[in-house]
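Participant: I have a structure here, written as structure tokens, and I will follow up with some questions on it.
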Amino acid sequence: MIVEESLQKGLCPRLLLPSTPALGRCFPLPNINFTLPEDLRINNTTVSNGISGLLDSINARDVSVKIFEDFAQSWYWILVALGVALALSLLFILLLRLVAAPLVLLLIVGVLAVLAYGIYHCWQQYQVFRDKGASITQLGFTTNFSAYQSVKETWLAALIVLAVLEGILLLMLIFLRQRIRIAIALLKEASRAVGQMMSTMFYPLVTFVLLVICIGYWAVTALYLATSGQPQYIYWASNTSTPGCENVPVNMTCDPMAPLNSSCPNLKCVFKGYSTTGLAQRSLFNLQIYGVLGLFWTVNWVLALGQCVLAGAFASFYWAFHKPRDIPTFPLSSAFIRTLRYHTGSLAFGALILSLVQIARVILEYIDHKLRGSQNPVARCIICCFKCCLWCLEKFIKFLNRNAYIMIAIYGKNFCVSAKNAFMLLMRNVLRVVVLDKVTDLLLFFGKLLVVGGVGVLSFFFFSGRIKGLGKDFENPNLNYYWLPIMTSIMGAYVIASGFFSVFGMCVDTLFLCFLEDLERNDGSQERPYYMPKALLKILGKKNEAPTGGKTRKK
């Protein structure tokens with residue numbers, strides 16, 4: 001038959017393009033040598049040139065090749081940058097025992113200086129616009145908010161706000177100076193604990209592997225559920241008005257392997273979907289919901305496992321009366337085995353509570369997305385309030401679970417009792433909790449800024465070729481886009497710093513709860529000596545009556 005007839009019957013493809021196999025698919029490559037057979041009599045030059053022109057216009061082919069070349073030439077330097085980020089993170093944490101107090105003082109003075117400069121600048125601007133007579137009464141109400149920068153009342157309001165913040169911060173420093181000293185001492189002790197147990201800094205790798213396994217298992221299960229059942233095929237014709245196609249069994253089931261003996265040239269046996277008959281198929285949606293709940297539950301359980309294991313390791317450091325002699329030989333592995341053996345159910349219960357709240361948030365977000373176009377202002381306000389309440393509830397449960405896991409690691413009690421004891425203990429020392437939390441957040445933010453900023457600056461100067469005289473072995477590679485390895489190094493440094501500092505934050509929280517328990521349960525006598533370091537004893541004005549070389553006490 002002629003080409004037009006074969007095309008109308010769908011026996012031949014309408015366009016033939018040069019292509020190459022990749023990942024089980026055909027990708028067009030117009031540049032390779034390819035000629036169509038003469039008997040097809042189809043001129044694909046226009047189509048080929050069109051595809052080539054489209055790719056050249058968006059420069060997709062060249063960009064992808066250049067990106068691959070840049071990664072191939074700079075991957076080892078990116079690994080060097082990530083190694084620098086790792087070293088900087090470890091160095092910052094280990095040096096906190098020496099520079100924690102100066103760093104906290106520097107950051108506090110810096111915040112006070114910034115607020116003071118803001119007050120000075122607002123006062124200057126207020127004087128300028130006061131002398132010009134620019135008042136808000138002359139401006140009136142306008143939607144151009146930038147116009148309010150030219151009136152004196154705006155700068156006066158900013159001056160008052162900054163002055164109030166400066167005063168509150170100064171009063172807090174005066175009345176909370178003792179608690180700030182306690183927070184600094186705990187940060188130093190946490191740095192010492194990390195130095196004694198360096199293996200804890202690499203535990204996030206174990207958590208990452210377990211999370212990949214959980215997510216991968218859920219993805220495979222969801223795919224199996226989605227493709228469960230027998231595939232169904234039906235007859236289909238593009239045009240039933242064609243002669244011979246008036247009485248074809250359209251939408252009737254068919255066998256794709258059987259020959260089509262029909263007078264209709266457009267009749268095909270196409271895939272419709274998978275069968276919905278059977279108990280599993282009728283419950284497919286419920287099974288997918290069950291899988292999603294299982295995903296949230298297992299992910300939260302893995303995170304809870306990491307927190308409890310780290311808490312157990314760091315608690316063994318605090319409750320060692322003679323450090324480092326009484327610290328277990330393998331504190332991290334011991335805590336891991338102990339957590340899996342005794343505390344799996346408690347961790348699963350806490351993870352379940354958090355998972356239910358997260359599922360409720362997901363359902364609310366889905367409802368809000370589906371009804372966004374048909375909601376009135378009142379309904380949008382109500383849904384927004386519900387979303388805010390659920391967000392706050394999730395944050396509170398995460399905070400409560402974190403401290404409950406620490407108490408579980410210390411005393412081995414069940415989740416409910418541990419959560420109650422942790423919450424009551426924190427409420428009895430709420431000012432210390434707030435001060436320690438803010439000081440720790442400030443220091444860790446400064447540490448992340450130092451690590452990520454340092455790696456970013458070094459990467460920029462190296463990959464852009466601004467560092468000269470490093471020698472032949474340390475020359476920067478010739479790159480098409482030097483910003484690509486820079487951004488990769490910055491993102492990798494942020495991930496590394498976040499992982500290391502999360503472990504350090506868990507160490508601080510664990511030592512803090514141990515310190516509060518030590519302060520309430522012990523009195524410094526020989527029967528009940530304090531386990532806290534000497535720096536904290538000195539700050540609190542307390543002392544131990546137990547001899548230093550005495551027998552080790554068990555907590």
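Quick reminder: no glycine exception, Cβ is built from N, Cα and C everywhere.
Quick paste of what TrEMBL says about this protein:
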{"type": "TRANSMEM", "residues": "75-96", "note": "transmembrane segment"}
{"type": "TRANSMEM", "residues": "103-120", "note": "transmembrane segment"}
{"type": "TRANSMEM", "residues": "155-176", "note": "transmembrane segment"}
{"type": "TRANSMEM", "residues": "202-226", "note": "transmembrane segment"}
{"type": "TRANSMEM", "residues": "301-321", "note": "transmembrane segment"}
{"type": "TRANSMEM", "residues": "342-364", "note": "transmembrane segment"}
{"type": "TRANSMEM", "residues": "404-427", "note": "transmembrane segment"}
{"type": "TRANSMEM", "residues": "439-463", "note": "transmembrane segment"}
{"type": "TRANSMEM", "residues": "483-516", "note": "transmembrane segment"}
Participant: Test the contact criterion for the transmembrane segment (103-120) and the transmembrane segment (439-463): 3 or more CB pairs under 8 Å, pairs 6 or more apart in sequence, then answer yes or no.
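Facilitator: Yes, these stretches are in contact.
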Participant: So which of 155-176, 301-321, 404-427, 483-516 has the most C-beta pairs under 8 Å when paired with the transmembrane segment (439-463)?
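Facilitator: Of the candidates 155-176, 301-321, 404-427, 483-516, 483-516 scores highest.
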Participant: Go through the chain and flag residues at least 6 beyond the ends of the transmembrane segment (202-226) whose CB is under 8 A from any CB in it; none is fine as an answer.
Facilitator: 284, 287-288, 291-292, 294-295, 298-299, 302-303, 305-306, 309-310, 332, 499-500, 502-503
Participant: Is the transmembrane segment (342-364) in contact with the transmembrane segment (301-321), using three or more Cβ pairs under 8 angstroms as the rule and ignoring pairs under 6 apart in sequence?
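Facilitator: Yes, the transmembrane segment (301-321) contacts the transmembrane segment (342-364).
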